[in-house]
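Following: one structure in structure tokens, then a few remarks.
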Amino acid sequence: MAAQIAGVFETGLQEKIAKSKVLVVGAGGIGCEILKNLVLSGFLDIEIIDLDTIDVSNLNRQFLFHKEHVGKSKANVARESALSFNPNAKIKAYHDSITTNDYGVDFFQKFSVVLNALDNRAARNHVNRLCLTANIPLIESGTAGYNGQVELIKRGLTQCYDQLFGESNADEDVSPDTADPEAGEKAGEEALAKEANKEGNVDRVNTRTWAQQCDFDPAKIFNKLFFDDIKYLLSMSDLWKTRKPPMPVKWESLEETAAEGAKEEIAENAQRDQKVLSMFESAKVYAESVGALKDLFAKLPEGDHLTWDKDDKHAMDFVAACANIRAEIFGIARKSRFDIKSMAGNIIPAIATTNAITAGLVVMMAFRVLKEEYSKCNSVYVRLGLNGRNQLFVPESAIVAPNPKCYVCGAKPEVVLRVDTKNVTIRELRDDILIKTLNMVSPDVILDGTSVIVISSEEGETDSNNEKKLVELNIVNGCVLKADDFLQNYELTITVLHKDPGREEAPFDIVADPDSLKPKELVEVDKVTEATDDQQPSTSSAQNGGPSHAKKARIAVEDSDDDMYIVDDDEEKPSTSGISIASPSEAAAGNSSVLEKRKHAQDTDAPACKKVKVTAEPQDEESDDLIIIPDE
């Protein structure tokens, strides 16, 4: 392997490449190129995951796949093909979805870097959030035609994917009946209700049930979709004041012509996908696809249903035929099956050259990540033409810092909760973990990346969850919880790791920075200088104003009436006291004095413990000493 020859890479980088562990998410156009680049660059420990299977349409740009691989797992075939470039590499393939619970935070923490080569936003968002939580660098990439982009996403350093692209916009419908979004559904129900009324039955029937009742008869379904529904739309005269009205079509008017057209077979090859079918050819394809889908439906268990897939021939034939028939009715230009598949499947045009260039930039950025040269990991954009600086590959001028207000990557307290997810209940999560251990009062908890409300502060809203085990709500190893206590303005990100406790071991434990587990309203101690044994005894007093040798602490106070500190002081010995925060419920109303003695020690032999209350009066900026009031 040329990349492993001395001198190809600098020694330090070559060692990091050999020792690193890389995850490639996606084995499509970019993923194939990335995997090839990794093995040729000397990476030896690689894992790749993709749920998709190989389709004929992939072969023009996903060069690790060939005709004999059609229908097989992309991840598995990509692994086999990549090993032919470097048999010494260890590549593990997963034919699975990265969004399942099997791939949580602990899974991502195994890797040195994650390389995204996905084709949908939901999965990108999911990987983005898990990499941020696991604190693993993520290199995001994508192409659209001749354009491409490569971005580094790293917690605390760069903006995240959610910040880059935000929420996706809904696709716009080009059909004229969008003036009334429910018109299509109303038309179907109205037509079915009228037919029922003739039989003396006034019950409405949904389209799926009605289609089953008529045994999926192509003629009846055609007349409902393209005659009855269209006639109903025509009855809404306001829709057609400024636009051309549609022309409803009956199956019987096409039947004879469609039968004559059956003498000419429609080619079953690439030419068929590129051809724009006529109205009559579309009707023939429609009838054939309905018959094929009916046979597939009959093989399913009772209560099950067919799921549409752009790579399913009969399903795609049905959609393409219906789209062209409807387009003809509304006076819209018909499209080829290939074009309709691109729109219905939301396929972004891909060009092999752009994929190859983008994948090369991804691996080059991975080199910089391994060397921890993050300042050089500016985003790069691939463009079709030269820009004003004669660049085809346009780097970002600077790394964009994370948005502190971003829900995903903003700085918020984080903890790792190791818990027995199979036995701990939601009630125990709320009472024992969130309230007693993590200092919350009235928490709201959601499962991150979903709309599942685990715990609500609204009385009675989630009581049905109380006795459920964590695992019953999909709170499993590697998932992330978002907790928010509105009363205290206290937000927390909780990464859940499952543990099987021993016989005498607690069912949960928490790994966190104690200073971060405080509501924002409580006093924050920024720095405490520990006194050493050779310090002089404290000689400060409220009367003499002399220098204090007690512990120094900078204290920011927002609501001093509710804050209290315990300060140990012994005039016979060096001060080694600590500062602890008392709960707000223990605070008593005070006066306007800066420091007020709160309690005398009961045991004169022990160091005197004095509770003091801090008010919000301005302090001398040059003095950050904590004044100790001696016990009288």
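Counting begins at 1 with the first residue displayed.
Cβ coordinates are placed from backbone N, Cα and C, and glycine is handled just like the others.
If you check TrEMBL, you get these features:
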COMPBIAS  169-182  compositional bias 'Acidic residues'
COMPBIAS  183-199  compositional bias 'Basic and acidic residues'
COMPBIAS  534-546  compositional bias 'Polar residues'
COMPBIAS  558-572  compositional bias 'Acidic residues'
COMPBIAS  618-632  compositional bias 'Acidic residues'
DOMAIN    4-378  domain 'THIF-type NAD/FAD binding fold'
DOMAIN    262-341  domain 'Ubiquitin-activating enzyme SCCH'
DOMAIN    417-500  domain 'Ubiquitin/SUMO-activating enzyme ubiquitin-like'
REGION    168-199  region 'Disordered'
REGION    529-632  region 'Disordered'
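Model confidence over the domain 'THIF-type NAD/FAD binding fold' (4-378) is summarised by a mean pLDDT of 83. The DSSP breakdown of the domain 'Ubiquitin/SUMO-activating enzyme ubiquitin-like' (417-500) into helical (H, G, I), extended (E, B) and coil residues amounts to 20 helix, 27 strand, 37 coil. Helix, strand and coil counts from DSSP across the domain 'Ubiquitin-activating enzyme SCCH' (262-341) read 48 helix, 0 strand, 32 coil.
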